[in-house]
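Participant: Before anything else, here's the structure in question.
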């Protein structure tokens with residue numbers, strides 16, 4: 001199939017440019033970029049819209065295998081495509097844990113015809129128990145693009161040291177969920193005035209920051225590429241900024257909920273606002289925004305964490321952590337970061353394209369002739385009110401219901417195939 005994307009504002013996140021031009025797509029590849037005409041191609045009118053490299057969410061939980069009642073590869077990638085993502089990287093905290101080549105191969109096989117490209121992340125330790133290293137070379141050989149025990153932090157520094165030494169030899173990125181689970185044990189939300197008022201045990205910022213500091217030092221010692229997942233505190237941003245100034249090979253991500261919501265969202269004991277790391281203070285939100293603005297934080301990722309209704313419809317302390325994010329992330333980025341001028345369009349797009357690709361050691365994230373046609377088109381003027389009942393994810397655990405978002409994806413193309421167009425998924 002031939003498509004001519006006509007008159008759009010093409011975003012180059014590497015060159016940091018916006019150019020009004022056309023893109024010709026043929027046989028799944030970008031054939032040509034320029035002022036074009038092609039009588040045989042189907043024209044996609046893109047005037048006034050941003051034509052971007054296909055967005056990647058490098059931190060999602062697709063829940064397959066083992067928890068398909070929450071989400072599966074089909075439903076999760078459909079949600080991704082609707083949200084403007086052509087690629088996702090899925091975390092290994094499935095059942096069984098993705099700690100061996102067979103599970104990685106299974107995920108890739110199930111994702112072969114999915115609505116978005118799926119890049120599995122393998123576990124650091126067997127069962128994500130933090131005791132015995134996985135066969136990392138086998139995981140890489142099977143297709144794992146990085147290593148993480150996400151949600152189950154490796155508490156033993158000697159184990160984490162050996163993890164980084166082996167990962168460095170394999171040229172793989174270690175993704176760290178930074179939490180000292182002795183300091184956070186029993187915690188339900190951020191430790192502060194709101195937790196005291198609600199009578200909920202708090203999780204101090206220190207629980208995150210002490211592990212950020214440890215893992216940065218281990219990365220500096222081993223030379224291993226370290227990526228810090230969903231940092232949430234002012235102190236963490238400062239530690240990453242200082243480490244980058246020293247030349248440590250560290251990158252970091254932030255989620256839309258951590259640059260949008262504060263601990264106040266938990267008022268009324270809303271379980272959809274219960275996440276880990278928890279929603280923090282306004283000063284932390286501002287620090288995350290500044291980290292995104294100055295480049296300290298490289299990536300925006302959702303930590304899409306679906307849970308069934310019955311799991312969240314319980315007393316606060318019994319509810320699992322997590323919220324969905326694939327279908328609201330882009331709107332939140334444009335509404336909360338681009339429109340107020342915190343990020344330019346190319347800067348925002350970089351955190352969803354070339355930067356996550358670079359972190360994971362993947363090619364892509366830029367629109368160039370001769371590369372696969374993975375494309376996301378954004379209408380910067382289009383607004384919608386979030387209706388959780390209409391989201392494509394199996395789970396509806398979002399705190400953003402009834403939020404009005406402006407700047408939404410109107411087309412996603414995966415390897416030259418239209419997956420979503422005009423806010424409708426194409427079957």
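Using N, Cα and C of the backbone, Cβ positions are placed for all residues, glycine too.
So Swiss-Prot lists these for the protein:
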type	residues	note
ACT_SITE	303	active site
BINDING	59, 61, 150, 303	Zn(2+) 1 binding site
BINDING	61, 62, 63, 93, 276, 307	substrate binding site
BINDING	150, 177, 230	Zn(2+) 2 binding site
Participant: Of 59, 61, 62, 93, 150, 307, which binding-site residues come within 10 Å of residue 177 (Zn(2+) 2 binding site), going by C-alpha to C-alpha distance?
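Facilitator: Cα filter at 10 Å returns 150.
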Participant: Select the closest residue to residue 62 (substrate binding site) from the following recorded positions, measuring between CA atoms: 150, 230, 303.
Facilitator: 303
Participant: What is the Cβ neighbour count of residue 61 (Zn(2+) 1 binding site) at a 10 Å cut-off, with all protein chains included?
Facilitator: 25
Participant: Which chain-mates of residue 307 (substrate binding site) that are at least 6 residues away have a CB under 8 A from its CB, listed by sequence?
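Facilitator: Long-range Cβ contacts: 70, 319, 320, 322, 395, 397.
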Participant: List only the single closest residue to residue 150 (Zn(2+) 1 binding site), chosen from the recorded positions 63, 93, 230, 276, 303 by CA-CA distance.
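Facilitator: The smallest Cα gap between residue 150 (Zn(2+) 1 binding site) and any of the recorded positions is with 93.
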Participant: For a quick check of packing: other C-beta atoms within 10 Å of the C-beta of residue 59 (Zn(2+) 1 binding site), how many?
Facilitator: 28
Participant: Looking only at C-alpha atoms, tell me how far the residue listed as 'active site' is from residue 63 (substrate binding site), rounded to the nearest Å.
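Facilitator: So the alpha carbons of the residue listed as 'active site' and residue 63 (substrate binding site) sit roughly 12 Å from each other.
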